[in-house]
Amino acid sequence: MSNLFPTYAKFPIEIVEGKGTVVKDANGKEYLDFTSGIAVCNLGHCNEAVLAAVQQQLTQIWHTSNLFESSIQEQVADKLTAGSKRAVFFCNSGAEANEAALKLAKKHTGCDEIITFQQSFHGRTIATMTATGQGKIHDGFGALLPGFTYLPYNDLEALEQTISEQTAAVMLEIIQGEGGVIPATTEFLQGASALCAKYGALLIIDEVQTGMGRTGKRFAFEHAGIEPDIFTLAKGLGNGLPVGAMIGKAELAESFGPGVHGSTFGGNKIAMAAADVVIDHIFEEAFLAEVAEKGAYFQALLAEQLPGVVIRGKGLMFGIELETEAVEVVKSLQEAGVLTLTAGPNVLRILPPLTVTKTELEQVAEKLAVVLKKQEMGMKI
C-alpha cells in the first residue's frame, strides 16, 4: 500500500532515465516522450547545457532566501523582459504564478471582479481553482472565492456585455491546453485587449503551457500582436527544475512592494541557473523558426496519415479530436512505445520536446495511425 495521497491517476510505468526525446522505464523499455513532462522539458530530457549550469551552481550555493540580492535572478529577469518595460516575480509553479497575478490585479485596480473562461485551467490553489472554468475542478470544495465570472471562450460579445469598470482583470489562455487544445482567435484576443484598456481592467495571459517557445514564438500572445498587462510562465521555463514567473508591466510594481507577496523558494539559484540556459536556447530566432517549421511538418504528416481528422494547435502543441475515449489511445500508444496525453475525454494531446527530430515526428505519426486503425476507432471529422 502506498503512503502517497492518491491525487494522481497514474499509469503503471516508472520512468527512470531519459535523454532528448527518448525515455526508459524501470523494465528497460524505451518510449518517445511526446508529453515533455506536460510541456516542461522543452529542451529534452537531461539537456547537456542545462545539466552543466545546474551542476556548476550546485557546487557554489543552493539557497539564500529572497532577503539578499541575487544577480542570477536579475539576469534571468532581464532576459525575460528584453525589449519591454516589465517586472518579474519568481515562484515555483504555474499555479503560484497565476495566484500572484490575481493578487496583483486586485491590489492594483482596487476591484474584485475577475473574468475567466469556460474550460480554462489556471491551477489548483483556492484562487486559481476558482479562476478555472471547469465544474469538475470545483466539485467538493464548497464555497469558492467570490467575484469570478466564467464566459464562453472566444465569445467577444459576451465579454463586451460583462466587463465593466469594476472588473479587476480578464484572465485567459492563448490555447486552452487542459480544455481540449482550443486556440483563441486573433479577433478575440485583440478585442479582449481593447476592452481591458477601455475599462481599466488588467489583461492576464496564462502562458504556463504555451510559453517558452511551445507555439513557435517566445510567448504565444505574440502571434496576436497584443501586449498583456500581466503574463505567467512555468513548466518549460526550468526544463524540469521547478520555477514559475509572473511578469507584469513596470507600472504595476508599485502595487507589489515589500511584504505584499513572497515565496521562500521563488527564484532559487539552482532553478535560476536552469532557466538562464533555457532562455538563451529557446529565445534564439533560429530555434523558434525551427519549432514552427517542425510543427507545420508534423501537422502535414498527421493530415496525411489521418485524413479528415480534426487537428488543432500551433507550433509543437497539438490536440487530435477522436470519437472515442482518448485515454484508450494513450494506453495503446504506450504499448507502441509512445507517451502522449489527454485534454478532456476525447482529445489526444501531443507535446513533444521542442528539440524533437523530424525522424521522431515521422515515427509517432506512423504509430498513431497504426494504433487508430488497429483499434478501428472512428474519429470526428
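Cβ atoms here come from the backbone N, Cα and C positions, even for glycine.
Residues or ranges marked as pyridoxal 5'-phosphate binding site in TrEMBL: GLY94, ALA95, PHE121, ASP206, GLU207, VAL208, GLN209, THR264. According to TrEMBL, the feature N(2)-acetyl-L-ornithine binding site maps to ARG124, SER263. If you look up TrEMBL, you'll see LYS235 marked as N6-(pyridoxal phosphate)lysine.
Structural mapping of features recorded in TrEMBL.
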residue: GLY94; record: pyridoxal 5'-phosphate binding site; contacts (Cβ under 8 Å, 6+ apart): HIS122, GLY123, ASP206, VAL208, GLN209, THR232, LEU233, ALA234, LYS235, GLY244
residue: ALA95; record: pyridoxal 5'-phosphate binding site; contacts (Cβ under 8 Å, 6+ apart): HIS122, GLY123, ARG124, THR125, THR128, GLY244
residue: PHE121; record: pyridoxal 5'-phosphate binding site; contacts (Cβ under 8 Å, 6+ apart): THR132, GLN134, ILE137, GLU173, GLN176, GLY177, GLU178, GLY179
residue: GLU207; record: pyridoxal 5'-phosphate binding site; contacts (Cβ under 8 Å, 6+ apart): GLU173, ILE174, PHE219, ALA220, PHE221, PHE231, THR232, LEU233
residue: SER263; record: N(2)-acetyl-L-ornithine binding site; contacts (Cβ under 8 Å, 6+ apart): ASN66, PHE89, PHE90, CYS91, ASN92, GLU96
residue: THR264; record: pyridoxal 5'-phosphate binding site; contacts (Cβ under 8 Å, 6+ apart): SER65, ASN66
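A simple way to gauge crowding: the CB of GLN209 (pyridoxal 5'-phosphate binding site) has 28 other CB atoms within 10 angstroms, across all the protein chains here. Look at PHE121 (pyridoxal 5'-phosphate binding site): DSSP puts it in coil.
For the pyridoxal 5'-phosphate site, whose annotated binding residues are GLY94, ALA95, PHE121, ASP206, GLU207, VAL208, GLN209, THR264, the maximal Cα to Cα separation is 25 Å. Ranking the recorded positions ARG124, ASP206, VAL208, LYS235 by the number of CB atoms within 10 A of their own CB puts ASP206 at the top. Under DSSP, the residue listed as 'N6-(pyridoxal phosphate)lysine' is assigned to a helix (H, G or I) in the three-state scheme.
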